[in-house]
Amino acid sequence: MTNKLTAQTPLVVASHNQGKIREIRELLAHYGLTVKTATELDLEEPEETGTTFEANAELKAVAAANATGLPALADDSGFAVDGLNGDPGIYSARWAGPDKDFAQAMRNVEEKLQVKGATQANQRTCRFIAVLCLAWPDGETRFFRGEVEGLAVWPPRGDKGFGYDPMFQPEGHSITFGEMDSQQKHGWKPGGDKGLSHRSRAFKLFADACLEG
Ligand SMILES: O=P(O)(O)OP(=O)(O)OP(=O)(O)OC[C@H]1O[C@@H](n2cnc3c(O)ncnc32)[C@H](O)[C@@H]1O
Ligand SMILES: [Mg+2]
């Protein structure tokens, strides 16, 4: 028997990234769930020693489930540029350094693309990836992955998002995630579909698999 979540189940979000947490709250509210975050519960931030998004999502979720005795959901995500062999990938947060300077992290991506002579759109393909891990106190873990493809644009545009949003233009759109409000970034449309952002796509899979009813 796999565990199921209901609107009454207390759920912990094992993240300390406020931009991410804002989106996760909206996504979970869409599915009728409210949460406590690792920041509110003053949980420690485990070191992300994994070599995959799955491993890092798992270690964050399991640490929070063990610390609280509650089901915990972690999101490990990143910006992967094809022409840079998938970098910054799982190192996306680390490229911003201790000051979380994403303007600098984006410049770093652009400089590396310039070194490769990547001036044409087809040399600038990239994606955002999000892997969710839901960890239960009984040891069960479930994983859900969402991806969205797009182009790495320069200069960055928009200040509505966080992280690498200003340099990511999703396929089929003429504005960046940084220029979208969160509802546009989630890609919610009346009638519902698979969503737009890596995160909203992963949450759709999570909701389909883990919510009661
Ligand atoms: O581990 P937690 O506490 O959740 O927070 P974090 O910021 O360290 O999160 P990650 O380890 O998953 O690192 C992912 C980084 O990738 C970037 N990123 C992930 N999703 C993004 C999004 O939707 N838009 C822009 N950047 C994103 C962002 O800069 C994150 O810091
Ligand atoms: Mg992290």
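Just so it is clear, glycine is given a Cβ too, placed from its N, Cα and C backbone atoms.
What TrEMBL annotates here:
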type	residues	note
ACT_SITE	Asp76	active site, proton acceptor
BINDING	Ser15, His16, Asn17, Gln18, Gly19, Lys20, Ser77, Phe162, Gly163, Tyr164, Asp165, Lys185, His198, Arg199	substrate binding site
BINDING	Glu47, Asp76	Mg(2+) binding site
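Feature annotations (TrEMBL) mapped to structure.
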residue : record                       : CB count, 10 Å
Ser15   : substrate binding site       : 25
Asn17   : substrate binding site       : 19
Gly19   : substrate binding site       : 14
Glu47   : Mg(2+) binding site          : 9
Asp76   : active site, proton acceptor : 26
Ser77   : substrate binding site       : 28
Gly163  : substrate binding site       : 23
Asp165  : substrate binding site       : 24
His198  : substrate binding site       : 26
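The two recorded residues, the residue listed as 'active site, proton acceptor' and His198 (substrate binding site), show a Cα separation of 11 Å. Looking at Ser15 (substrate binding site) and Glu47 (Mg(2+) binding site), their Cα atoms lie 12 Å from each other. Between Asp165 (substrate binding site) and Glu47 (Mg(2+) binding site), the C-alpha separation comes to 24 Å. Taking CA atoms as the reference points, Gly19 (substrate binding site) and Glu47 (Mg(2+) binding site) are 20 Å apart. DSSP classifies His198 (substrate binding site) as helix under the three-state reduction. Between the CA atoms of Ser77 (substrate binding site) and Glu47 (Mg(2+) binding site) there is a gap of 15 Å, rounded to the nearest whole number. When the Cα atoms are compared, Gly163 (substrate binding site) and Glu47 (Mg(2+) binding site) turn out to be 19 Å apart. The DSSP secondary structure for Gly19 (substrate binding site) is helix. A coil conformation is recorded for Glu47 (Mg(2+) binding site) in the three-state DSSP classification, outside any helix or strand. DSSP assigns Asp165 (substrate binding site) to a helix.
With respect to their backbone Cα atoms, Glu47 (Mg(2+) binding site) and His198 (substrate binding site) stand 23 Å from each other.
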